[in-house]
Amino acid sequence: MFSFEKNSLKNTDKEIFDAIELEVKRQHEHVELIASENYASPAVMEAQGSQLTNKYAEGYHGKRYYGGCEFVDIAEKLAIERAQQLFGVDYANVQPHSGSQANAAVYNAVLKPGDTVLGMDLGAGGHLTHGSKVNFSGKIYNSIQYGLDENGDIDYEQVAQLAKEHKPKMIIAGFSAFSGIINWQKFREIADSVDAVLMADIAHVAGLVAAGVYPNPFPYVYVATTTTHKTLRGPRGGLILCNNNPELAKKFQSAIFPGIQGGPLMHVIAAKAVAFKEALEPSFVDYQKQVLKNAKAMEKVLKQRGINIISGGTSNHLLLLDITNTGFSGKEAEAALGRANITVNKNSIPNDPRSPFVTSGLRIGSPAITTRGFKEKECELVANLLADVVFNCGDEKVENETAAKVLDLCDKFPVYK
């Protein structure tokens, strides 16, 4: 028998308890600019930390291989129904443990080993699972990669040319570091010209799509995958969506279970359901609109400060910064900003001469700071502070002065009260 008091984390494992406390302190004291990060609500965290973690539930709701699933079935059914409503589709699989797992399941459902896949190059802003040679997607399948044009937009002419030349079985439209708007219709026209399945990876923009402030990939795509954190502000996990295609939906269902996963994480699925309910509220639309405004506010200041933005600016929540002209690498800038209580991630830029471990760029985004309550005024300040540090990496005085300003700002906008 367990006692919530006697067997608390603090009493049971002080090392882990202390590590969590330090992370809570870091999250309060640092401005979070990593584009793929956000803050989950107390309700989401409560569901994820619930006793649902104890329940094994192989299979799908109503069709389990274990008894005692009648209540976790409620949670999964709610998650599915809310996801369908949120994205306007008739099929949602809420069981993928991550976005990468969701992608892997789609590949397994649609492709055979050795089939050709056309996806965005990692160096141009794509994701590892879009065909990178170091990832399963580039090892199991014949991966062909497209990039950006001279204006920093997706090179649709190249996509069409590569599709015509290589006849891919599937084309992936999606990104992890691209600040533009994807033309889903143009991708569909290219896919149809070679009889390819079109898949959208909307992991970064799912919240924007759900709120109607970024183009919805349906009805142009056959299937969309996403994570459930990032702009969706839920727990870390994955999601598969499709519409008006029961044959494909059946394949995705079996591709997840028993294809690549066993028991689903019912506590995470419950947390997904909570996040989807939150995303269906009118306030979520207001939040996503502010995400876009805040990204544009940072763009304006960074341009004024002489920092180059790949693609010329942003039309979503993220900005990819080329900091070559500062004389410092992405690795150096990330470390310096960390000392100044600003969290970013180093990121390769198109045709980057530096390795992915060093880079010439930084990727920043507005979802987390918007959740925190920042508006344009605060984001302009943050962008100026970022520029102060990036042009003066290693200057202890600049870093310390910036950290003090960041701490003052963070105290005014606590993440959790």
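Quick reminder: no glycine exception, Cβ is built from N, Cα and C everywhere.
As recorded in Swiss-Prot:
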type: BINDING; residues: Leu122, Gly126, His127, Leu128, Ser355, Pro356, Phe357; note: (6S)-5,6,7,8-tetrahydrofolate binding site
type: MOD_RES; residues: Lys230; note: N6-(pyridoxal phosphate)lysine
type: SITE; residues: His229; note: site 'Plays an important role in substrate specificity'
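When the binding-site residues Gly126, Pro356 are compared by the number of other CB atoms within 10 angstroms of each CB, Pro356 has the fewest. Mapped onto three states, the DSSP output places Lys230 (N6-(pyridoxal phosphate)lysine) in helix. Around the Cβ of Lys230 (N6-(pyridoxal phosphate)lysine), the same chain contributes Ala35, Ser36, Glu37, Asn38, Ala203, His204, Ala206, Gly207, Pro367, each under 8 angstroms and 6 or more positions distant in sequence. Of all the Cβ atoms in the protein chains shown, 26 others lie within 10 Å of the Cβ of His229 (site 'Plays an important role in substrate specificity'). In this structure, His127 ((6S)-5,6,7,8-tetrahydrofolate binding site) belongs to neither helix nor strand by DSSP; it is coil.
Summarising the environment of His127 ((6S)-5,6,7,8-tetrahydrofolate binding site), the number of other Cβ atoms within 10 Å of its Cβ, over all protein chains shown, is 23. Around Phe357 ((6S)-5,6,7,8-tetrahydrofolate binding site), the C-beta neighbours below 8 angstroms that are at least 6 residues distant in the chain are Lys331. All protein chains shown were included, and the count of other CB atoms within 10 Å of the CB of Ser355 ((6S)-5,6,7,8-tetrahydrofolate binding site) stands at 10. Minimal Cβ crowding within 10 Å, among the binding-site residues Leu122, Leu128, is found at Leu128. According to its DSSP assignment, Leu122 ((6S)-5,6,7,8-tetrahydrofolate binding site) is helical.
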